[in-house]
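*Asks:* Per TrEMBL, the features are:
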{"type": "REGION", "residues": "559-596", "note": "region 'Disordered'"}
{"type": "COMPBIAS", "residues": "584-596", "note": "compositional bias 'Basic and acidic residues'"}
{"type": "DOMAIN", "residues": "601-674", "note": "domain 'RRM'"}
{"type": "DOMAIN", "residues": "675-753", "note": "domain 'RRM'"}
{"type": "DOMAIN", "residues": "767-844", "note": "domain 'RRM'"}
{"type": "DOMAIN", "residues": "877-952", "note": "domain 'RRM'"}
{"type": "REGION", "residues": "966-989", "note": "region 'Disordered'"}
{"type": "REGION", "residues": "1021-1043", "note": "region 'Disordered'"}
{"type": "COMPBIAS", "residues": "1030-1039", "note": "compositional bias 'Polar residues'"}
Amino acid sequence: MTNPVGEDNWLEHVERQIRQATDLEGRVRVIESFQRATLAEPGSLKLWIAYCEYFWSLYVDCNQRGNEIGWPQDELAIGRETFTFDAALNLWQEGYEAVQYRLSDSHELWNRWVSHEMELLRRTTTEAGVRRITQLFKNRLLVPHATWNETSQMFSTFLSEYNRHAWETEMEQITRNAQGAKKLYEQRDPWEMKLAAATRSRDAAAMRSVMTEYLDWEIKQAKTRKDRDEAIACFQICLGLFSRALTGVLSSDENTWMNYIVFVSTTHTDIKEGRSPVPGHMVPDMLDALSRSVKHVPWCGALWARYILAAEESGLSFSDIEQIKHSATDNGQLDRDGMMGVLEMYAAWCGYLKRTAMVPDASEEAVDVAEVGLLSALEDVKHWGTRKYDNYQGDPQYRLEKILIQFLTEKKDDIDGARAVWEDLAKNPLHAGKYDFWLNWYFWEMMVFTTLRNRTPSPTPTNACQALRVPTFATEVLTRALKVRGLNWPDRVMEIYLQHCNDYETAETLREAQDTVLKTRKALAKRREREAAQAAQVAQVQWAAQTVNSADYHMVDVSETVGSPGSKRKREETPEDGTGSKRAKNENNDEERLKRDRENTSVFVLDLPAEVTQTKLKQFFREYGHINNIDIQKRDGEVVALVEFKTSDEAKSALLRDGKYLGDRVVRVQPATDCTLFVTNYPPDADERYIRHLFKDCGEIHSIRFPSLKYNTKRRFCYVTFRNREAATAATKLDGKPLSDGKYKLVAKFSDPLAKQQRHGAQAEERELHVINLPRGTSEEDISGLFSKAGRVVSVRVPRNMAGQSHGTAFVVMETKEQAQEAIRLCDKLIFGNHPIKVELSRPTTTKTTAVARVMDGTPEPQEGQGMPTPAEIAARTIAVLGIPDTMTDARVRAALTSATNAPIVKLVLHPVHGGAIVEFADAAAAGKAALSIDGMEIEPGKKVRTGTTQELFRNKAEKRVDRIDKPHSQPQSHAHPLQQQASQDKKSAAELMPPPTLLRRPGSGPKLKRGLGFVGAISAKKSAPATINGEQGQTGSKSNEDFRKFFLASRTAANAEGEAKNGNSGQG
């Protein structure tokens, strides 16, 4: 009979046996089933509680109830010998030790155990019993668990009843000794609270997500602790958490099982090499862990492969390992997720066969078994794939074939047989179109050529020896590769082909190779031009189809439009108006698409020298295309560059520099295609640190680009570039992940510049009309009837306020552009309901270049008898912050300033165009303190801000960011104080400064100008005049905090004096 799999299945199986157990033999079978269950699920709390309680009930029945249970006398005698008191207590002890580090629920078993112990003690109180239970409490309180306080209270009550004179000593001692356990639980309490919240909500996805993150954090704790006791405790806690996960929501999750196996495996390795203080007996056995894993996730080929490898490492016999392989193929689920699991398992099996045959002392039988087994495995996989898929083409990585080729080459010395395997692979289109397949074959042929040449014993030149001097087979492989239509990287093959012929072949063959490469390059260029034209044609057809099928606004019913008086109607946003817009609205999308395609025109350059510069990299790729930009990142001693070319073809050709020297280092060049994600819909205050933490488990991030907010402050997205495609693919799995307790749903997709579509719809097609100055009581039917004279009205929309009243405007969509023009001709300036209405084409809303954030809780309440604050009072509590990068949202700025000042912000207005923000605080004192805290603060790495006046902010311009090295860089706008800028200009020579023209400010209707500001004199080349501020002479240095403090106190004194004077005057009046 097959054993059950999983905690619940075992419980159901055992409970069914308990119901059927009517005699001693049946009860013994139940005990045996419990033993098998706890071996299969050693960390299952439910199974251990059921096992211990059942065994305890048998002990009570046999030894306390006696003849009351109705057992036959012979069975009762045997039962008393089998189900003894010591056996029952030992079982409770064994169960507790198995689950004691399940922090959240291990108390369920321990409380039952100690309650039985205390019940026996109440019946017969002995000094030994008191000492035993006291020690149980002490041991329990040294283990971190969720109900530590309750356990401590139980211990206190126990001491008060049975050992009152030692209460104070024992409690003081255990409180002191348990500090470490309490600290360990406090560190995990936030995770336990998250897990408990997800459990209460019964959200399985949330439970899995929290548990996975918790496990990752716990593994890190177990691997990084330096203190011996802490390292051991964290390791046991981590095992306990894995027990909870693998008997709960993640019991069938192959990733969790793989993480568990890797955790156990690396711990064994660390212990062997002396890097871990964990005792060996605490670590689960690898074979047992793998046996359990493949029962829970039998479709995971990677775990079966590890099972075979662990069996080989443990020295199991061939028959035992073969049985593991048969168990994998017979379970019926190995191909549940496709052929990948089958291939992974068979690759491990073939690897085992190859290694047993290639050891120096391998027997002939082992070699024969390996040969038969390898060929049989290839046939089995082929038949398996054919049964599952009608058009199965094989393993893209041809792993089994590689193992067979190595075996035939190195062990059997059967070069022709190995070459025949290569020939069969070349007939498969799955491999023939890949350049790496031909290069692998070429390298194998060169290895064979070198080996055979070294074996030639005679120095006398013979025909055979002469033939071995030219690697004919290797040359033929490259020649065949270039004849394959659709080869994915022919440039790389051509480069190696020319180099090979130059190094090994005759002059005639080299000339023929050059001719072949030239013709191939011409044909390749024509093919690429043809494919580009076809792709453009297909894109144009798709675009036309999307334009034709685009839906208009639907006709709005009057009842739906008016709604309740409290409903608020807003103009619907078009899809491109959202926060995910990838370009400012005033940019030309077509032109930009042709200009830049970073996602497909970039390459990664790795293993660079530490002193590498952009200039050196430009020289390195000088002959391979035009470089738009170079982004060099240096982290943890590793230097990686992202090089952006003008076209994708240039980026592909740059891959030929892979393996070349740059200085004294051999660098690697890898494509950066599909490494960049478009990420949006995250919390507004998320910064780069938040984004990196969000994707920390996916792979290494190269860079994060936030868009400029100068033209649209609503933008909230970024581009995350990973170091490799695998990491980016893993990151896309987070698409749709709920953030901030489900308030936001993350969007993480591969960035595709071509996916941005042109605007379409009624407004873009000039079919939507904007009607102004309508009577307030006009209904949708009235408007539709008016405009139906010009043609068919598709929809009418009347914006209304919260009271349900019309704003006097409407949006009307006509069927065609011509009908919209006719409606303008007929209805514009028409008197409608005694109102001259205006009809014009609807235009897109302008982009928002400022962002306003209000915090109502921080608004100061006016005192009784006082009105609203005056402009002077608002100005006194308002400061300007300059030097803010134009990529920071108002939410990020508010969070950074609030964290730095700890002062409530009433209002924040972000001005990305001017590189700053205007911030209003609750009062003038808070503003002064905040200014001192903010001045010189680093708001982003390498970006410091300063405080100033609103006039300075509006005179300032944001720094212009240029992320290209092929375009001239404009001088960045300085964020220094104006007096500092003036002083720096004064240092320039007369030859560098041209006297500015005299500016004459003529009188006008505007506000009266102060004296002294009518003319600006020329700047002297020898000595500059002191800077003036509001007509007064100022210092040339920047203001310090002390200067600002004096100015602030003086302004407060003046304001108070002015207020007293006003009060006095009012009193006199």
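Glycine residues also receive a Cβ, built from the backbone N, Cα and C atoms like all the rest.
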*Asks:* Contact between the domain 'RRM' (601-674) and the domain 'RRM' (877-952) is defined here as three or more C-beta pairs under 8 Å separated by at least 6 residues; is that satisfied?
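*Replies:* No; fewer than 3 Cβ pairs under 8 Å.
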*Asks:* Can you count helix, strand and coil residues in the domain 'RRM' (675-753) using DSSP?
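*Replies:* Residue counts for the domain 'RRM' (675-753) by secondary structure: 16 helix, 24 strand, 39 coil.
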*Asks:* Quick one: DSSP breakdown of the domain 'RRM' (601-674) into helix, strand and coil?
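*Replies:* The domain 'RRM' (601-674) comes out at 20 helix, 30 strand, 24 coil.
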*Asks:* On the 0 to 100 pLDDT scale, where does the domain 'RRM' (877-952) sit on average?
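*Replies:* In the predicted model, the domain 'RRM' (877-952) has a mean pLDDT of 88.
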*Asks:* DSSP-wise, what's the residue breakdown of the domain 'RRM' (877-952) into helix, strand and coil?
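*Replies:* For that range the per-state counts are 29 helix, 26 strand, 21 coil.
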